Amino acid sequence: PLGGKRAAPDLDVRKCLPCGPGGKGRCFGPNICCAEELGCFVGTAEALRCQEENYLPSPCQSGQKACGSGGRCAVFGLCCSPDGC
């Protein structure tokens, strides 16, 4: 319906940066990179690119569904927030 939660387009939320081997993953936080086939990398070299998110002006979102307390579904049923999985 007009004026409902879905009335305004989500122009301010973009996909988070790609990361990990071959750029197959997505950043879930400044130190977290999750890739469908590989799982999640936390605080490793694969997640280093995710620190760039701190310097970008617009917010981003990874994962399809919300889970836990402010998290998003990552891989293999794992729920990740910017602080951890």
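From the backbone N, Cα and C atoms, a Cβ is placed for every residue, glycine too.
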Candidates Cys27, Cys79, Cys80 - disulfide partner of Cys50 as recorded in Swiss-Prot
Cys27
Which disulfide-bonded residues sit within 10 Å of Cys67 (disulfide bond) - Cα, from Cys16, Cys60, Cys80, Cys85:
Cys80
Close in space but at least six residues away in sequence, with Cβ under 8 Å from that of Cys79 (disulfide bond), the same-chain residues are Cys67, Gly68, Gly71, Arg72, Cys73, Cys85
Inter-residue C-alpha distance, Cys19 (disulfide bond) and Cys34 (disulfide bond) (nearest angstrom):
8
Using C-alpha atoms only, work out the spacing between Cys16 (disulfide bond) and Cys40 (disulfide bond) and round it to an integer in Å.
15
How many Å lie between the Cα of Cys40 (disulfide bond) and the Cα of Cys60 (disulfide bond)?
18
